[in-house]
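**Q** My questions will all concern the structure given below.
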Amino acid sequence: MATIKSELIKNFAEEEAIHHNKISIVGTGSVGVACAISILLKGLSDELVLVDVDEGKLKGETMDLQHGSPFMKMPNIVSSKDYLVTANSNLVIITAGARQKKGETRLDLVQRNVSIFKLMIPNITQYSPHCKLLIVTNPVDILTYVAWKLSGFPKNRVIGSGCNLDSARFRYFIGQRLGIHSESCHGLILGEHGDSSVPVWSGVNIAGVPLKDLNPDIGTDKDPEQWENVHKKVISSGYEMVKMKGYTSWGISLSVADLTESILKNLRRVHPVSTLSKGLYGINEDIFLSVPCILGENGITDLIKVKLTLEEEACLQKSAETLWEIQKELKL
């Protein structure tokens with residue numbers, strides 16, 4: 001019996017789908033779904049895969065996304081509880097984990113999420129042994145270390161979203177004070193994605209003009225303009241959003257899409273992301289924290305050797321020590 005499809009379409013050649021930019025997102029909570037939307041809007045993937053243990057929510061989110069396909073050039077979107085669906089991914093983004101509670105620091109989350117990673121990582125590496133891993137789950141620096149150890153991947157292919165968002169917040173707050181768009185404000189936050197992060201005031205500039213040349217005490221407690229409050233807002237804003245709306249999602253998802261674009265398009269842009277930092281700035285342990293990295297199709301290809309002041313380097317070492325105090329107690 002003839003069907004509409006057979007009457008409409010004549011097969012011309014057999015084809016086998018080959019996905020060059022397959023992205024898998026593990027976890028369809030508020031962050032995972034926001035990452036999916038941000039990546040779809042940038043048109044970065046030719047197949048997007050969603051994985052979650054909550055099958056009902058997973059199917060609902062997948063259908064909701066699929067039904068928007070007429071409004072954008074949407075790739076194939078598939079989902080499953082089974083990690084087989086992630087096979088041959090170019091990039092796997094991990095957002096799954098226990099949600100941060102009100103008043104809970106990112107470091108308090110760690111042991112609850114380590115056990116979740118022990119279930120996820122072996123499944124991911126089994127089906128996508130050549131993928132890059134982008135870790136988003138908090139505490140992101142320690143869990144990027146956990147993913148590196150559990151996966152056995154080379155260090156360049158295990159990346160934490162780290163301080164890419166912190167640096168964006170930093171630039172935004174600087175821009176708000178100066179009346180300049182954040183894109184034109186250049187500055188980095190390094191170290192832990194969290195309370196011990198380090199603002200690199202010595203490198204903050206607008207159009208190549210270092211703000212430290214205009215105010216040598218910028219960012220210190222001697223600064224009459226109290227620019228240190230900018231960094232305090234970077235740290236507190238995440239907690240404030242969790243208190244007000246229960247979670248954060250849009251800022252981090254746009255940050256993840258930004259990192260994804262650099263990786264899949266081999267842009268070799270510089271991002272402050274979490275990577276193995278042993279041997280840098282006097283750090284002697286296998287600590288993952290954010291330093292400026294060049295991102296491309298092989299993950300982290302190079303690091304930028306930023307010259308820090310003695311005070312900034314001391315703060316970075318203290319940030320590493322903060323992470324090490326937790327990390328050394330982990331049971332992998």
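Residue numbers in this text run from 1 along the chain shown.
Every residue, even glycine, has its Cβ placed from backbone N, Cα and C.
Here's the feature list from Swiss-Prot:
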| type | residues | note |
| --- | --- | --- |
| ACT_SITE | H193 | active site, proton acceptor |
| BINDING | 29-57, R99, N138 | NAD(+) binding site |
| BINDING | R106, N138, R169, T248 | substrate binding site |
| CROSSLNK | K57 | SUMO2 cross-link |
| MOD_RES | A2 | N-acetylalanine |
| MOD_RES | K5 | N6-acetyllysine |
| MOD_RES | K5 | N6-succinyllysine |
| MOD_RES | K57 | N6-acetyllysine |
| MOD_RES | K81 | N6-acetyllysine |
| MOD_RES | K118 | N6-succinyllysine |
| MOD_RES | K232 | N6-acetyllysine |
| MOD_RES | Y239 | phosphotyrosine |
| MOD_RES | T309 | phosphothreonine |
| MOD_RES | K318 | N6-acetyllysine |
| MOD_RES | K318 | N6-succinyllysine |
| MOD_RES | T322 | phosphothreonine |
**Q** Should A2 (N-acetylalanine) be counted as helix, strand, or coil on the basis of DSSP?
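**A** Note: A2 (N-acetylalanine) is coil by DSSP, not helix or strand.
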**Q** Considering Cα atoms only, can you say which of A2, L41, K81, Y239, T322 is the nearest neighbour of R169 (substrate binding site) among these recorded positions?
**A** Y239
**Q** Taking DSSP as the reference, which of helix, strand or coil describes V33 (NAD(+) binding site)?
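**A** The three-state answer is helix.
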**Q** Looking at the binding-site residues I37, L41, V49, N138, T248, whose Cα is closest in space to that of Y239 (phosphotyrosine)?
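**A** Closest by Cα distance to Y239 (phosphotyrosine) among the binding-site residues I37, L41, V49, N138, T248: T248.
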**Q** Going by Cα-Cα distance, pick out whichever of the recorded positions A2, K5, H193, K232, T309 is nearest to K57 (NAD(+) binding site).
**A** H193
**Q** By CA distance, which of the recorded positions (N138, T248, T309) lies nearest to V53 (NAD(+) binding site)?
**A** N138
**Q** Measuring C-alpha to C-alpha, could you say which of the recorded positions V49, H193, K318 are within 10 Å of N138 (substrate binding site)?
**A** H193
**Q** Near K318 (N6-acetyllysine), which residues of its chain come within a Cβ-Cβ distance under 8 Å, counting only those 6 or more away in sequence?
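**A** Sequence-distant Cβ neighbours: S196.
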**Q** Looking only at C-alpha atoms, tell me how far K118 (N6-succinyllysine) is from G29 (NAD(+) binding site), rounded to the nearest Å.
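**A** On Cα coordinates alone, these residues lie 19 Å apart.
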**Q** Among the recorded positions S45, Y239, T248, which residue has the fewest other Cβ atoms within 10 Å of its own Cβ?
**A** Y239
